[in-house]
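**Student:** According to TrEMBL, the protein carries these features:
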- 66-123: domain 'Protein translocase subunit SecDF P1' (DOMAIN)
- 126-225: domain 'SecDF P1 head subdomain' (DOMAIN)
- 230-394: domain 'Protein export membrane protein SecD/SecF C-terminal' (DOMAIN)
- 7-27: transmembrane segment (TRANSMEM)
- 250-268: transmembrane segment (TRANSMEM)
- 275-294: transmembrane segment (TRANSMEM)
- 300-321: transmembrane segment (TRANSMEM)
- 342-364: transmembrane segment (TRANSMEM)
- 370-398: transmembrane segment (TRANSMEM)
Amino acid sequence: MRSRGFIKFFSVVLIAAIVAYVAFFGINVGNYSISPVQKHIRLGLDLRGGVYVLLEAQGDVTQDAIDKAIAVIKNRVDALGVTQPVIAQQGSNRIRVELPGMKDPDKAIEIIGKTAQLKFVGPDGQVILTGANVKDSKAVYGQSQTGVQQPEVTLVLDAEGTKKFAEATQKFIEQPIAILLDDKVISAPTVQNVITNGNAVITGLKDFQEASELATLIRAGSLPVTLKPIAYSSVGATLGPSAYNASVKAGIYGVLLILLFMAVFYRLPGVMADIALLIYILIDLIIYALFNITLDLPGIAGFLLSIGMAVDANVLIFERFKEELWAGKSIRAALEAGFARAFRAIFDANMTTIIGAIILFYMGSGNVKGFALTLLIGVISSLFTAITVTRFLLLALVDLDLTRNIKFYGA
């Protein structure tokens, strides 16, 4: 029995230690590599600093239009070089955009919220081609007719656009063709000769930054719907690190106090619960990394709250366990009976929290969703560890038969 208990206990601890090492330090095996979880867990704006924008689609919109708008915004944000942005639908007609590292919300709105519908219009008022006919766009320095360097945007047209543009330049020779962005004329060059190579140029831009932003908008494509910013804010970079460090410290101190309390108050079962709690924390962090969950301050609060619920489940089990020991049952029988009596209360308490977290996640917005998501993940994984891991470790402890003095079992 003792050897079986030792094998059970040692196996769980060894597997947990290996997984923890790989999770926190990573591993390389040949062509395969696993990077540490901390590289995959994204920090929210309140921890990293940046810009938050909430956009609302105007008029009646379809889900397909929202999906396309999100794709266009992602292309624009990628072109800006923003790392780990969050672009997600919120409700039926809103899009939440979080841009870590950016400081100017007005500039963010100008880039991601502009419809960017590009049109080439002839002198007769007819649309010659649109941004859909543009394959690529680049900001460059060109030479004006006077020989001065000026910023401009070069466009490469697709086959259809090349044909239409050639026909238009032949038709409107020595006449202006207006280039409009969101129905505003940004350039109106006069056609000097027929253009058949599928290249066009936008001039009249004030500086290279404007040219670069325009090229980005054209390259990313136009939004299928008009988006209006209804909320935006900027989080300072100094708030992020201080809030993050304070949260991490509070979490570490809280977990250490919980581990100490469980070990002192419940003795051997408390030590087993401490191991199960560390495994629970490891499971949570791995889930955050696997699904690229963004962790913000409310999310950390949800995580810490779920730790408390994980401990609460163990407390219920151990209290029932002690009552069975006081009733004169053997350690194994008391353990089985304690689990059976505590299970219903644990299950009911966790299910009500799960239901509440699901409602918060689907009905809430912004930071409320972050809190609800980490709480939901934490409660589900804590229910798993309380019912399986803690039980397995306690049964291994009984098999070890270290002592039969019930005082060492918290009684």
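Each residue, glycine too, has its Cβ placed from N, Cα and C.
Have a look at these and tell me how they're positioned relative to everything else.
**Tutor:** Mean pLDDT for the domain 'SecDF P1 head subdomain' (126-225) in the predicted structure: 85.
Here the transmembrane segment (7-27) has Cβ contacts under 8 Å with residues 33-38, 275, 278-279, 282, 285-286, 289, 389, 392-393, 395-397, 399-400 of the same chain, all six or more residues outside its ends.
Cβ atoms under 8 Å from those of the transmembrane segment (300-321) belong to residues 247, 250-251, 254-255, 258, 262, 266, 269-270, 273, 276-277, 280-281, 284, 334-335, 337-339, 341-342, 345-346, 349-350, 353, 357, 370-379, 381-383, 385-386, 390, 409-410 of the same chain, restricted to positions at least 6 beyond its ends.
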**Student:** Residues of the same chain, at least six outside the transmembrane segment (275-294), with any C-beta under 8 angstroms of its C-beta?
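**Tutor:** Distal contacts: 12-13, 16, 19-20, 23, 37-44, 84, 86, 98, 255, 258-259, 262, 303, 306-307, 310-311, 314, 370, 373-374, 377-378, 381-382, 384-386, 389-390, 393.
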